[in-house]
Amino acid sequence: SGESGAGKTESTKLLLQHIMNLCKGNSQLEQQILQVNPLLEAFGNAQTVMNDNSSRFGKYIQLRFQKNTVRGAKLSEYLLEKSRVVQQDTGERNFHIFYYMFAGLSLEEKEMYGLLDPSLYRYISGRFGTQDVAQRWKHKYQEVCNALDMVGFQEQEQVDMQAILAGVLSLGNVTFEPEESNGSVKVSEASRGWLKAAAVDVLRQLVCCVPCSPWSPSVSCCSLCADARDSIAKVAYGRVFGWIVCKINELLAENVDSEVELREIGILDIFGFENFAVNRFEQLCINLANEQLQHFFNHHIFQLEQAAYKEEELPWETITFNNNQAILNLLLAKPLGLMSLLDEQSAFPQATDKTFVDKLNSSFKGNLHFQPGRSHVLGFSIIHYAGKVQYTAGGFLEKNRDTLPANVRGLFINSITPLLSVLFTGKSLCYGRASYMNQGPPRQELGVGMRLHSLMVLMERMYSANPHFVRCIKPNNQKEPGVVDSQMVLLQLRYNGLLETIRIRRDGFSWRPSFEEFAER
């Protein structure tokens, strides 16, 4: 755990290498476990203000052992930040894979996928970078292609996947205008070329998939169509990512008899705590996961350890620590926690982000960890274990619903691009987190707030395991090597509870032999 940019993903990679080395790391499986990483980073990581290679999803890696040899591995992914596909703030970029494609594809391939100059695409932000950067991206693209081959993606699957990604970018440039004769909405003349360039058939068929009532103002109808367009882009990208994780799991699955008992080491690498100039729904989900992890750490280091001393009747002066249970109650309590209220509001078609914020203000009046928004921007603040974060509430309900118009789903299912059809019917697809894809007819997907619950369930499972905590400390905010900002480091040591941890380790009993060991010695 640690802030965004503190080094969690790099530490995870080092830890995996170390474990593979201890296993003598020669088998093909052990090498494959290490080699899938470029693929995950290309599709799941992006540049943010805080970190040039920020994980925009959480991952849990389970390594399964038999007699100190790795026999299999499984990857679970949590809460990919799909909104990044359609919007990035100043100084941020889209997922790496889009830039790698522009740098790595040949002119012929770009022509085949209908890709033009990257600066033309609304979904691609930021300068494209220097020649050096383009060269590095080109090298990364090659790494991704090698990893795709190694994981076992067929050539046609790789072509289809890149066609979907290129189609998503072209789709972002499609705009809408009112039809003067009958008040309906059509694709604007200026963007018809982009619709054509969305090389995947289903993306071409998007003219207007939002049922507009006759009395809806055409301006709001255009805006609804634009929202639907963005929903399609996000869902298509999310499904591609889930499919990649699924293929990786097929490759790494253990090949042993079911009665053979395997031991397991799990590594949880989640997105770090974030506090930007503008914090949205995604930051709330990320920070909630970090709150839960901090509580798990407190429970193990302080509550369990001190309970053991008490039970053994050892002389012990209780160490107090910052217990963040009250913040978790504010966020997760049922039926009146923030996430429950968000799901309740998301279920009402008439509800808006404003009615949601009004509900929060009335429900949490007087709560020490909640502050109503004070500026003209609709929002609220939460006092997290790592400090106060101001959230902008715009888009909360829409992002939590995470829905796709039903008729668009039908277009995907009947697509002539085989991969798209597979991604949306769930045939032969064990999608990362989502067994919901194989349960009969397509239905409303779970709200994001509820899907966050799957991460909580994982953490509860970890309470019964034997956990080790790797606390990553960020040395400075400038992304500079070799620079330590001591005030910033001290702040992290404080809010992480590490100063109290040092005290309990120093004052406590570090060596705990069993009675047998003690008698033997």
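Using N, Cα and C of the backbone, Cβ positions are placed for all residues, glycine too.
Note: TrEMBL annotation is automatic and uncurated.
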Which listed span TrEMBL calls region 'Actin-binding', if the choices are 202-224, 317-339, 409-431, 455-477: 455-477
Count of other CB atoms lying within 10 Å of the CB belonging to Lys8 (ATP binding site): 22
Cβ neighbours of Gly2 (ATP binding site) where a neighbour is any other Cβ within 10 Å: 20
Neighbouring C-beta atoms (10 Å sphere around the C-beta of Gly7 (ATP binding site)): 17
Residues satisfying Cβ distance under 8 Å from Thr9 (ATP binding site), sequence separation of at least 6: Glu41, Asn45, Asn53, Ser55, Asp269
Near-site residues: ATP, ref Gly2, Glu3, Ser4, Gly5, Ala6, Gly7, Lys8, Thr9, CB cutoff 8 A to centroid: Asn51, Gly272, Cys472, Lys474
Rounded mean pLDDT for the residues that make up the region 'Actin-binding' (455-477): 84
